[in-house]
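Annotated features, as they stand in Swiss-Prot:
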| type | residues | note |
| --- | --- | --- |
| BINDING | Asp79, Tyr111, Tyr211, His267 | Fe(3+) 1 binding site |
| BINDING | Thr136, Lys140, Ala142, Gly143 | hydrogencarbonate 1 binding site |
| BINDING | Asp403, Tyr442, Tyr538, His606 | Fe(3+) 2 binding site |
| BINDING | Thr467, Arg471, Ala473, Gly474 | hydrogencarbonate 2 binding site |
| DISULFID | Cys29-Cys64 | disulfide bond |
| DISULFID | Cys39-Cys55 | disulfide bond |
| DISULFID | Cys134-Cys217 | disulfide bond |
| DISULFID | Cys179-Cys192 | disulfide bond |
| DISULFID | Cys245-Cys259 | disulfide bond |
| DISULFID | Cys356-Cys388 | disulfide bond |
| DISULFID | Cys366-Cys379 | disulfide bond |
| DISULFID | Cys413-Cys697 | disulfide bond |
| DISULFID | Cys431-Cys658 | disulfide bond |
| DISULFID | Cys465-Cys544 | disulfide bond |
| DISULFID | Cys489-Cys686 | disulfide bond |
| DISULFID | Cys499-Cys513 | disulfide bond |
| DOMAIN | 26-340 | domain 'Transferrin-like 1' |
| DOMAIN | 353-685 | domain 'Transferrin-like 2' |
| REGION | 340-349 | region 'Connecting region' |
| SIGNAL | 1-19 | signal peptide |
Amino acid sequence: MDLSLRVALCLSMLALCLAIQKEKQVRWCVKSNSELKKCKDLVDTCKNKEIKLSCVEKSNTDECFTAIQEDHADAICVDGGDVYKGSLQPYNLKPIMAENYGSHTETDTCYYAVAVVKKSSKFTFDELKDKKSCHTGIGKTAGWNIIIGLLLEKKLLKWAGPDSETLEKAVSKFFKASCVPGAKEPKLCQLCAGIKEHKCSRSNNEPYYNYAGAFKCLQDDQGDVAFVKQSTVPEEFHKDYELLCPDNTRKSIKEYKNCNLAKVPAHAVLTRVRDDKSKDIIEFLQEAQKTQECKLFSSPYGKDLIFKDSAVSLIPLPSSMDSFLFLGADYSNAIQALKEGVKEDDSAAQVKVRWCTQSKAEKTKCDDWTTISGGAIECTEASTAEECIVQILKGDADAVTLDGGYMYTAGLCGLVPVMGEYYDQDDLTPCQRSSSQAKGVYYAVAIVKKGTQVSWSNLRGVKTCHTAVGRTAGWNIPVGLITSETGNCDFASYVGESCAPGSDVKSNLCALCIGDPEKLSESAKKCSPSASEAYYGYSGAFRCLVEKGQVGFAKHTTVFENTDGKNPAGWAKDLKSEDFELLCPDGSRAPVTDYKKCNLAEVPAHAVVTLPDKREQVAKIVVNQQSLYGRKGFQKDIFQMFQSTGGKDLLFKDSTQCLLEIPSKTTMQEFLGDKYHTAVTSLNKCSTSKSGLLAACTFHSC
């Protein structure tokens, strides 16, 4: 072979290798021959120039999870119960898209779990014991988790927990006979119709599997009740069937909104967290939905194959979404209860609050508090306010003090306010009462150096300093006002360079940020909404103004707390409060002492937040701790809750005079006030302002 031919051959092989490397694929896991047939149809009809679809067949969902985890497959669409199971070890899968059952303009990513019975039967919900039951599958949402959880909650089903017997054994004693595909207890497989090894398998190889299968079990007179979704019963059969309501009434199939077991999250597409394939899967499915020949949501070989037939589209989930946030705290905790048993109320024994800290300095202060509190306070670690919110949602922490902007997010994620900070040292009367209607407030202000030419009316192109994206005084108020006045959602293009911790580190909103000057190697922490960014928070925004910016957005006390010798840090020790002024919304300026007349807004105080069922416990303990370590506490010489060493505003704002208990049942919106709540809601319509956690918590409302 001559040299030129060898070179040509090598180049051809190299080109082939590069082509193979560039070819992207999505390997879909299917669980039956009927799903495999549909998948092969999709391979032929859902062509994509850059991404190839292929099919991987396994016997059941668990095998698919293993295949995805071991990189033999990439994706599967499952119900909420399996979203939860797939997120656990050893699978570590995450949801990336949700089925939409509404329309392309009005999405609905939830469905209803219902109990379907024949009209000819006469029993009520409370008379389910000793009836024959048809279920979609073990661990599935509508067919198992919701109904079994409800039976336990209503104390119709007796189960002392896994230490006494398995949940399956307890359920097998409750129903006369059942078909629960995937169950191990023989009596729960008694009604199933699969042949040989396929009997009671958790796949379409079992005729009574899934929604259509559970309904067929009822149709075939094998069962007395089928636990399915609201759209399972075909319209032509509505005249013969009705819904069993938890209040012991019955209603027509069409009245599912008033007669259901629960409204639950949609089915979701799962993939690996490791070597993330999300982008390819989402891109393929989005393109597939645009192709008329590609029938993702029809099942010519059965029912609900690969996706539910009632789905109209697939919607990408926010990047911050995990299985817990997708399912919601109530449903996630309900599934956990099915594993551990319903615990007796132990609120009397709960004598501690786990406080979430957001920096090393906060953790140090919290550890000191723990030591002297006699175990009433424990500490958890996080690096941002949003991480603390998630910890509380997941039950890993109990409380944290938040700024109004983060409180807005926390409220939409399901947390409630417990204790509000109070700042007015000229009127301490509310602090001396056991109950008070007073509310703490502070002022959002725009701070500038005296002698500069900046005014509120000429902020275009100005270098700005913010406490963090999503915080009240440093972002929501000033950016909301500017956005409202200019009609421009693109705040980054309006101002010059900024430091707005929490922004995209590559954007000009992070251009002024410096990270932690003492840890230069941690460049990844630059612009982090945490103490890892030197320009984070009130004092951080003021430092940014001093060193780099032209205007700083903070609270009315920020200048006083960092000047005239109040802050010994090198950047602040020589600063004089008289060298700074406030920008007024009317275009004028005022001394920093005139904050009540020259401010951007009066805003709600920071507050302690927790889960609704922890509210009384947290309030009781914090009130007690304040009586000991507050400004007038009996043991304030040992520890002071509202004083910070090694930092500013640690755990609570240093300007806090006391914490006022917020009346029980007060919602987050009521505490923040309609005006502020509406302002933040409007600001969040600008996509650049909406945090990942907020997007996840508001994705759907089941």
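Glycine is no exception: its Cβ is also placed from the backbone N, Cα and C atoms.
A simple way to gauge crowding: the CB of Cys134 (disulfide bond) has 29 other CB atoms within 10 angstroms, across all the protein chains here. Within 8 Å of the Cβ centroid of the Fe(3+) 1 site, not counting the listed residues Asp79, Tyr111, Tyr211, His267, the chain contributes Gly80, Glu99, Thr136, Lys140, Thr141, Ala142, Lys229, Val264, Ala266, Asp304, Lys308. Neighbouring residues of the recorded hydrogencarbonate 2 site, listed in sequence order and excluding Thr467, Arg471, Ala473, Gly474, comprise Asp403, Gly405, Ala444, His466, Ala468, Thr472, Trp475, Asn476, Gly537, Tyr538, Ala541, Phe553, Ala554, Lys555 (Cβ within 8 Å of the Cβ centroid). Counting every protein chain shown, 19 other Cβ atoms lie within 10 Å of the Cβ of Cys55 (disulfide bond). Comparing Cα positions, Tyr538 (Fe(3+) 2 binding site) lies closest to Arg471 out of the recorded positions Ala142, Cys245, Arg471, Cys513.
The binding-site residues near Cys499 (disulfide bond), taking a 10 angstroms Cα-Cα threshold over the set Tyr111, His267, Tyr442, amount to none.
Annotation: Cys134, Tyr211 are the recorded positions among Tyr111, Cys134, Tyr211, Cys413, Cys658 whose CA atoms are within 10 angstroms of the CA of Gly143 (hydrogencarbonate 1 binding site).
Between the alpha carbons (Cα) of Cys217 (disulfide bond) and His606 (Fe(3+) 2 binding site) lies a span of roughly 56 Å. Applying an 8 A CB threshold to same-chain residues 6+ apart, the list for Cys431 (disulfide bond) reads Tyr422, Arg631, Lys632, Gln657, Cys658, Leu660. Each residue in the region 'Connecting region' (340-349) has a pLDDT score, and their mean in this model is 57.
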